[in-house]
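These notes concern the structure reproduced below.
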Amino acid sequence: MPELPEVEVSRMGITPHLLNQTIQSLIFRTPKLRWVIPSELKKLQGQVIRHIGRRAKYLIIETDVGSAIVHLGMSGSLRVLDADFPAGKHDHVDLKLSNGKVLRYNDPRRFGAWLYAAPGEDHDVLGNIGPEPLTDAFDGQYMFEKAQGKRVAVKQFIMDNKIVVGVGNIYASESLFRSRILPTRATMSLSAEEWQRLVSHIKQTLQTAIEQGGTTLKDFSQADGKPGYFAQELQVYGKAGESCPECGEAIQELKIGQRNTFYCSYCQC
């Protein structure tokens with residue numbers, strides 16, 4: 001599943017091709033992805049794209065009459081192509097531009113979404129969510145205070161979008177390993193110093209992943225079709241049974257909150 005770095009990489013990749021361009025047409029080849037595609041999106045035809053933003057794992061394509069809100073789901077990707085490039089089997093949405101390009105949304109599993117928000121309004125999917133992890137609002141003190149009285153496993157806690165957005169499964173496992181914190185520990189058991197260390201590693205891991213173009217394990221590709229290269233930096237995720245890069249012990253795997261979790265029982269405590 002594309003996580004925050006992959007969505008941010010997509011935003012950075014498409015922005016030079018979309019910004020200040022006019023949307024000539026929107027083409028939908030399916031009526032429904034995860035949710036029904038709203039008819040209000042057709043209002044964006046003929047409008048100039050003013051800004052391409054991101055909140056959590058949602059891309060926001062802004063015009064004067066409203067915004068398209070895009071979620072990549074489990075297997076979605078966005079590519080910028082020549083407008084006459086033939087559409088493939090899983091190419092469900094085209095946003096044709098005045099510069100002769102098309103923003104094409106591909107999603108084999110159809111778990112993604114294209115939604116509409118009126119000017120100045122936030123869509124319900126963006127309500128009641130936590131701060132962005134790469135901002136100053138996300139720090140060790142904030143997490144220490146949020147953690148008080150919480151018995152849930154720390155990995156599950158940092159993946160809760162109501163606490164902080166965008167820390168997905170890959171980056172949660174990697175950040176906990178780099179922080180030397182066991183993913184099963186009760187959230188409230190972490191000290192203020194441990195929270196500061198974990199927050200620092202979350203920020204570093206996400207930023208490095210963005211700089212590496214994200215992580216391609218199966219479906220994700222950048223806007224130019226290239227894979228992300230952070231997979232080469234993974235230390236524990238997907239490596240059950242392999243040797244820990246720090247101590248040589250076998251990397252362990254278990255499920256926390258129905259998500260596969262990877263860790264070193266010797267290095268993490």
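From the backbone N, Cα and C atoms, a Cβ is placed for every residue, glycine too.
Of the residues His71, His90, Swiss-Prot puts just one in the DNA site with Arg109, Lys150: His90. Ranges compared are 165-199, 235-269, and Swiss-Prot records zinc finger for 235-269. Only Pro2, Glu3, of the recorded positions Pro2, Glu3, His90, Arg109, Lys150, Arg259, have a C-alpha within 10 angstroms of the C-alpha of Lys57 (active site, proton donor).
Binding-site extent for DNA: residues His90, Arg109, Lys150, maximum pairwise Cα distance 42 Å (rounded to the nearest whole number). Closest to His90 (DNA binding site) in space, going by CA atoms and restricting to the active-site residues Pro2, Glu3, Arg259, is Pro2.
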